[in-house]
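Asks: Got a structure here, written out as structure tokens. Questions coming.
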Amino acid sequence: MAFSSSSKLLLITALFALASWQQAIAFDPSPLQDFCVADVNSPVKVNGFACKDPMAVTPDDFFNAAKLDQPRNTMNKFGSVVTNINVTQFPGLNTLGISYARIDYAPLGVNTPHLHPRATELLTVLDGTLYLGFVTSNPNKLFSKVVKKGDVFVFPKAMIHFQMNLDHEKPAAALSSLSSQNPGVITIASAVFGSKPPISDDVLAKAFQVEKKLIDWLQSQFWDNTNY
């Protein structure tokens, strides 16, 4: 069946509109008022948080004494800790499409491979030298770099990424801004081996091409660990 030029133009326009609409809804919605401080105790369930009564909003709703200038305790098996400042801790961020985090690394500490399903991350090195990178979707190309104090690196939305402190003796630190009030995090190892209920070891053994007893051991390492 033949199509006229005007029909083809209409079809192309419709496809572009659909693509633009999908792109528009892929990120946090833009606010429809000056602000919408989260009412974290509201019984109303929405995509995000309901707004606090504007007449009850105070300057403190836009403030958080996060003490991000202070190093955190990195005494754990990975040698890193993330201090998140998102809408849950800071209700004033609601609908603004942004959150923040401080990451501290012990000597040779690692912020293990993970992804943020709802946010791009822009990392600034505060102190130390980091090896970091992200992996694309299939065919899984790695983009990695060694960065130093004052350097900035971006991790695209939903890409698996990581950081490691290269110094054997000194700690390191970084600040990250994220393009969502609630970026979420999926830590790869604990998601695969520590899900509740667990993924079948038959599935994982086939996927990783290893014996099931190794999968059983890996699952035992992650199952009861609440630090991921």
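Cβ from N, Cα, C; glycine included.
Checked TrEMBL, it gives:
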- 1-26: signal peptide (SIGNAL)
- C36-C51: disulfide bond (DISULFID)
- 66-216: domain 'Cupin type-1' (DOMAIN)
- N111, H116, E121: oxalate binding site (BINDING)
- H114, H116, E121, H161: Mn(2+) binding site (BINDING)
Asks: What other residues of this chain sit with their CB within 8 A of the center of the CB atoms of H114, H116, E121, H161, the recorded Mn(2+) site?
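Replies: For the Mn(2+) site, the extra neighbours are L115, A119, F134, F155, M159, I160, P183, V185.
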Asks: 10 Å Cβ neighbour count around C51 (disulfide bond)?
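Replies: A count of 20.
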Asks: Considering only the recorded positions C36, C51, H161, which fall within 10 Å of H116 (oxalate binding site) when distances are taken between Cα atoms?
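Replies: Correct set: H161.
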Asks: Spatially, and counting Cα to Cα, which of the recorded positions is closest to N111 (oxalate binding site)? Options: C36, C51, H161.
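Replies: Smallest Cα separation from N111 (oxalate binding site) among C36, C51, H161: H161.
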Asks: Taking the recorded oxalate site as N111, H116, E121, identify the other residues of that chain whose CB atom sits within 8 Å of the mean position of the site's CB atoms, giving them in sequence order.
Replies: A101, H114, L115, A119, L123, F155, H161, S176, L178, P183, V185
Asks: If I take the Cα of C51 (disulfide bond) as reference, which of the binding-site residues H114, E121, H161 has the closest Cα?
Replies: E121
